[in-house]
Amino acid sequence: MKSRLFFACWLLTLLFLSQLPTQAQDTTSILSPESGQQIPDTLLFRIQKAQSIITEVKAAGRRGYGVARIRAGLVEVQANVTPIQDDIKRQDANVDAKSLANYRLILNDAQTKLGAWQTSLSKANNDLQSQLNQLLTLSSDSLLVVAGNDTTEKKLYSDQLVGLKLQLQEAGVRTTAQLDTVSRLLANVSGTSLLVNDLQTTLNEQAQQSVVDVFQQEAPFLWNAPTPTTADESKTLIRSTYQGQQKILTYFLASTWDNRFLLYLLTAGFFVWVFTNYRKARELSIDPDSDTLHPVPVVASLIVLLNLIPLFEPGSPSFYIELTQFLLLLVLTVYLWRRIPKPDLRLWLINGGLYVLLIVTNSLLNGSLWSRVWLIILNLSFLYTGYLYAKHLHFSSVSIRIIRPVTRLYFVLHLLAIVLNLIGRISLAKTFSITAVVALVQITGLVVFIEIVLEALELQIRISACSKGLFSRVNVSHSRAFVKKALILLAVGLWLMVFFINLGIDNDVFRFVGGILSKPRTFGSVTFSLSNILSFSIIIYLSSLLQRNIGLFFGESQLPPTDGQVDQVSSILALIRLVIIVGGVLLAVVASGISIDKFTVVLGALSVGIGLGMQTIVSNFVSGIILIFEKPFRIGDYIELADRKGRILDIGIRSSRMLTGQGSEVIIPNGDLLSNRLVNWSSRGTYLKTEFTLKVGIDTSVDSLRAIIQEEASQLGESMQTPDIMVNSIGGDAIELKVVIWIKSISSEASLKSELLQRLVTRFNDAGIKLL
């Protein structure tokens, strides 16, 4: 036991002594020049890493993290929010409903911007903090420091290390400054966001309260109304109203410029369309004979622009709608100046003047006696002018069913405004008054808008008919009716939109309709919404409409041929229709929200049914696709299939249509066209050989007969070359000749043979040749 213990101690001592030279050698390799390669390698790596970090910090500093842009945007947001804050404080938390809606629009957009800026600045703050930590770590790295008594090869890199140290210090200073700027800006953005959030909460509370107070009495009865306010109070009211509306309008115009730009492009397109058509009409010697359009349609284009504003800017504030409708009234005045009688024009001008007075009155109305009496006088004036307006002004292109309900509503709203004014509901009285006037002006503008577009379409139809354009291949009466219905539907939608905006219930109406459409509904295990069904139906309808009319862009005509000829149309049209149908169905399925798994199950079940009971349909379907790609014939070709001859009218996916020589239309399955023997008499380089026999006396000169036949055949336009005349047989007293002629088209075979035989009978009689 002792011997084993002694042996173990001896072995450990030997191992310890053997490690001492090795450790000494390692220490020497660090300090001696002969083995000093390990320090330079590590040092170079640290220098490269530090330089890379400094470069990244400089690049990030040049980008600036969008600080200037966010600071400028924050100033703009604060400028928009401050008047709202002051208005809420000044009005003692009683802001009218229309201003509430406009303020909420501004605050919602401001909160969206502030949230995005806060996210961006938070990320920038984290990035700068990380960069600063990396710079501090590198600055405290002892390997990047050269001492005065250093004897290693680090002294060879002393200049680089000194420069690197200065760069690290400069980068640290810049990063610290940027971090301070970003942190301060982030604090300002966060503070503004909290302020906007508080204002939103206040406005939401006021909006809920305004719904409760809308029908409550806000002023005494008219006979108990206070005396008129002073001039200073009126000036203050006008100034506050003007500043608030100006701020709302400026903000709205700045935030919706993109939609307005699209509207300007559409209006410019309408101007160019009409202007170009007038030039084409002059070139084609067409008299436009239009009372609504002008060769330079500036006024017509402005009417189109002003009528379509609510469609492109549905969230417009009510003051913006009132302003655009006033501009529409001015443009309509220019349009109607020489188109209506003088009394009607005078009535229209009076209505415009009353409209201006109403806008000013709504701004000044504050519950005093004389201001409310003045509003009632305006309402009575509008009732009288509205009665005369409905009696004298008529429009021929739009049904009276559109104008009559609006005029009735016009009278009802003004009567309600008078009653509400009497009982102290001043806000509702002002709202109903301006809504009634705007409704009448807008419906007039929409009626003129429909007439202008219909006249422009009529001019396009006449030009297309003369130049063989698109409308020369469509049913014009159906096109007119379709466009007219679409314009009337658009006009009704625009009028309702403006009507709801003026009443201040547009958001509530849209929210109510959206809630009905988006509410989940269950049918068995399937969950759907009405919006899904509506989207599915609209996409299927548009796909069907497009696939039916896509042929017009490929030369296909919806009108029956007048000369019996069928236009050559690309056979790829059937494939395009198939793609439209399949794409429409798939898009409709996606829009409907149907699960793809369930849809694939349905497709699997359909495939089983197709395999069992619809083999012929599938065969014809596949044959149609093969015919489209192989193109053995095209639309308009004259083909022969078994015992049927005729011209191809259409190549469908399942079947094709043929027009026979007897005038009947034959539907041929595509499978028969592909599997049976088919002769195409209209393909390139293919000509028809037609022949007939003649029997003459044995004493007739064959050379004279051949000369007559060749001379008459050469005068036929459809013959291709000199006819071949061969002796078919010889009898005791007769010779039988066979005449072979090549013609261009099989459709002219019968007429050409008849014409040639008539010519030959005349020539034979003149030459004394008798036929047997």
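Every residue, even glycine, has its Cβ placed from backbone N, Cα and C.
All TrEMBL annotations are machine predictions without curation.
The domain 'Mechanosensitive ion channel MscS' feature in TrEMBL is assigned to 616-682. Per TrEMBL, signal peptide is recorded for 1-24. Per TrEMBL, transmembrane segment is recorded for 261-280, 292-312, 318-338, 345-365, 371-389, 409-428, 434-454, 486-505, 525-546, 575-596, 602-629.
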* So which of 261-280, 318-338, 371-389 has the most C-beta pairs under 8 Å when paired with the transmembrane segment (486-505)? -> 318-338
* To do: Grab the same-chain neighbours of the transmembrane segment (318-338) for me: Cβ-Cβ under 8 Å, and only residues 6 or more beyond its ends, written as numbers and ranges.
  => 98, 101-102, 245, 248-249, 252, 299-300, 302-303, 306-307, 309-310, 344-345, 348-349, 352, 355-356, 359, 434, 438, 441-442, 444-445, 448, 498, 501-502, 504
* Asked: Per the 3+ Cβ pairs under 8 Å rule, pairs at least 6 apart in sequence, do the transmembrane segment (434-454) and the transmembrane segment (292-312) touch?
  -> yes
* Which residues, given as numbers and ranges, are at least 6 beyond the ends of the transmembrane segment (525-546) yet have a Cβ under 8 Å from it? -> 516-519, 580-581, 583-585, 587-589, 591-594, 598
* Among 292-312, 371-389, 409-428, which stretch has the highest count of C-beta pairs below 8 Å with the transmembrane segment (261-280)? -> 292-312
